[in-house]
Every structure is written in structure tokens, then in C-alpha cells.
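Student: First the structure, which I've put down as C-alpha cells, then a few questions once you've had a look.
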Amino acid sequence: MTSCHIAEEPIKKVAIFGGTHGNELTGVFLVKHWLENGAEIQRTGLEVKPFIANPRAVKKCARYIDCDLNRIFDLENLGEQNIRFLHNKKDVFDFFQTSLAPLPCYIYLIEHPSLKYATTRSIAKYPVGIEVGPQPQGVLRADILDQMRKMIKHALDFIHHFNEGKEFPPCAIEVYKIIEKVDYPRDENGEIAAVIHPNLQDQDWKPLHPGDPMFLTLDGKTMSLGGDCTVYPVFVNEAAYYEKKEAFAKTTKLTLNAKSIRCSVH
């Protein structure tokens, strides 16, 4: 019996962006280092270039200046001919999860028919986004720097192995697919009327069952999850999302299967 596989063209160019949000300093710090000395990110047969994506915001240590750079890479701004997506990236994440163990590597699937999330990676031929944290905005931490540095190394190693002809076997990957974004409870003036409940705080990727507390008012009233489905909250009480009116996002946990993948030219 022969196994089915997907043959892809070799990858020749990789861009590494730091500072898409100017107050997320880990990427900024690493890219500035690699602009001075990029030996560790170079791989044979691969052109790797680091970029500071949002220099004005980086200079001010602000998320953005005029608009959120990580939300405007859409058809309206770029034109349909410039948008390309790769729909089978599960082998990449399987490689990450294996390489980074025992550190967790959760997969957030943001494909949704009505939720717009036009990030910088949307225009890449092979878009993969990796987020490391959480950590406070405008702060550098050695452990987070180390984790991000390792992830970049493993990503480049994956591409190098792929280009060299290594076949990556079929795999099953657990993912968290977005269902909807949840706003904070608000009063008649649009002001936040309740905060994330202590039982939900810091519980990203953990199951939230119907009846479990979500929000808490100052007078002690608890607001709980309704419905009859267990969800998995992510980006709980994210500081940058207050302006976007997002307290957290609900996801559902799925298992996806990927065929083996190898380079079609070697």
C-alpha cells in the first residue's frame, strides 16, 4: 500500500517580522539582533531576511500609530490578487509540538466566515503565525526571548529539512477553532460593567462549561456561560483587545488529519 502525500514546491524566501505591534518587544529585540548578526537564522539554499515591520510604533513603544497594522491585510486594502493561502500547515505544527516539548504549543485556527482577522501573515504564500507569551506590553523577559528564538530556529529547520527532500509523515493535530468573540458586559453608556471572573482569569485553552462563571460585577454578581456546549476560551482579558471590545474568544476543540508532505523538487 502506498501512502498519500502532498507535494509542494520548495520554499526559497522567508521574511521574519518584528514589531508588527511596536510594544511587543521580544520580536523587536530579536530582529534588531539579527539585522546586526543574522548567522543563526541563515540556512543553505534559503534566503532569510528580518524586518522591523512598524518602525514608527517601535520608536514610540506603542501598539500602533494610525491603525492596527496586524488587522489591515485584507482584500479591501490589498486586492484579491495579492492574497494567497496555504490550507495544509498541520505538519509544520506537528514538528513544532514535537521539537518544543514539554512546552505546550496550542494551535488557534482563525478561519471563520464572518470574523475578520487580516494579519500580516495573510499575504504570505505559506502563512504560519506563532505567538509566545503572555508577557506585559513594553517588557522583555529572558524566558520568552528564549522560547521565541527556539521557535524561529525550529521553523527554519523545518523548511530546510523540507527543501532537502525529507518527507514528513501523516499526523493528527488538535486545534482550537474560533467560534465567536465575546465582549465585556456593558452599561447603557457603553462602559465596561463587569470584569473577567477570577475562575476564568489565566485559564486560556482550558474547558469552560455551561454554568461556569465568566464575569464578575463590582456588586458581586456572577455572569456564567449559557448554552449547552463546552468551549475553550483564548486571549482571556488581553490588554490590547480592550479597544476591540473583546474580553475573550470562544473556541471549540477539533482533531484534524494531515497527509504526509514532501518537496516536489529535490
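Just so you know, glycine gets a Cβ as well, placed from its N, Cα and C.
Pasting the relevant annotations from TrEMBL:
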type	residues	note
DOMAIN	11-80	domain 'Succinylglutamate desuccinylase/Aspartoacylase catalytic'
BINDING	HIS21, GLU24, HIS87	Zn(2+) binding site
BINDING	ARG63, GLU131, TYR241	N-acetyl-L-aspartate binding site
BINDING	ASN70, ARG71, TYR117, ALA118, THR119, THR120, ARG121	substrate binding site
DOMAIN	89-159	domain 'Succinylglutamate desuccinylase/Aspartoacylase catalytic'
ACT_SITE	GLU131	active site, proton donor/acceptor
DOMAIN	172-252	domain 'AstE/AspA barrel-sandwich hybrid'
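What does the local environment look like for each feature on the list?
Tutor: Residue counts for the domain 'Succinylglutamate desuccinylase/Aspartoacylase catalytic' (11-80) by DSSP state, with H, G and I taken as helix and E and B as strand, are 29 helix, 14 strand, 27 coil.
Counting every protein chain shown, the Cβ of HIS21 (Zn(2+) binding site) has 21 other Cβ atoms within 10 Å.
The Cβ neighbour count for ARG71 (substrate binding site), using a 10 Å radius over every protein chain in view, is 16.
Mean model confidence of the domain 'Succinylglutamate desuccinylase/Aspartoacylase catalytic' (89-159) amounts to 76 (pLDDT, 0 to 100 scale).
A sphere of 10 angstroms centred on the C-beta of GLU131 (N-acetyl-L-aspartate binding site) encloses 11 other C-beta atoms.
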Student: Restricting to the record's N-acetyl-L-aspartate-binding residues (ARG63, GLU131, TYR241), give me the longest CA-CA distance in Å as a whole number.
Tutor: 15
Student: Return the member of ASN70, ARG71, TYR241 nearest to HIS21 (Zn(2+) binding site) in space, with distance defined Cα to Cα and candidates limited to these binding-site residues.
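Tutor: For HIS21 (Zn(2+) binding site), the closest Cα among ASN70, ARG71, TYR241 is found at ASN70.
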Student: On a C-alpha basis, identify the one among GLU24, ASN70, ARG71 that is nearest to GLU131 (N-acetyl-L-aspartate binding site); the candidates are the binding-site residues.
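Tutor: Looking at Cα distances from GLU131 (N-acetyl-L-aspartate binding site), the smallest one goes to GLU24.
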Student: I want the residues beyond ARG63, GLU131, TYR241 whose C-beta is within 8 angstroms of the mean position of the N-acetyl-L-aspartate site's C-beta atoms, in chain order.
Tutor: HIS21, GLU24, ASN70, PHE235, GLU238, ALA239, ALA240
Student: Between the Cα atoms of GLU24 (Zn(2+) binding site) and ARG71 (substrate binding site), what distance do you get, rounded to the nearest Å?
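Tutor: Each residue's Cα considered, GLU24 (Zn(2+) binding site) and ARG71 (substrate binding site) end up 16 Å apart.
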Student: How big is the Cα-to-Cα gap, in Å, between ARG63 (N-acetyl-L-aspartate binding site) and ASN70 (substrate binding site)?
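Tutor: For ARG63 (N-acetyl-L-aspartate binding site) versus ASN70 (substrate binding site), the Cα atoms are 10 Å apart.
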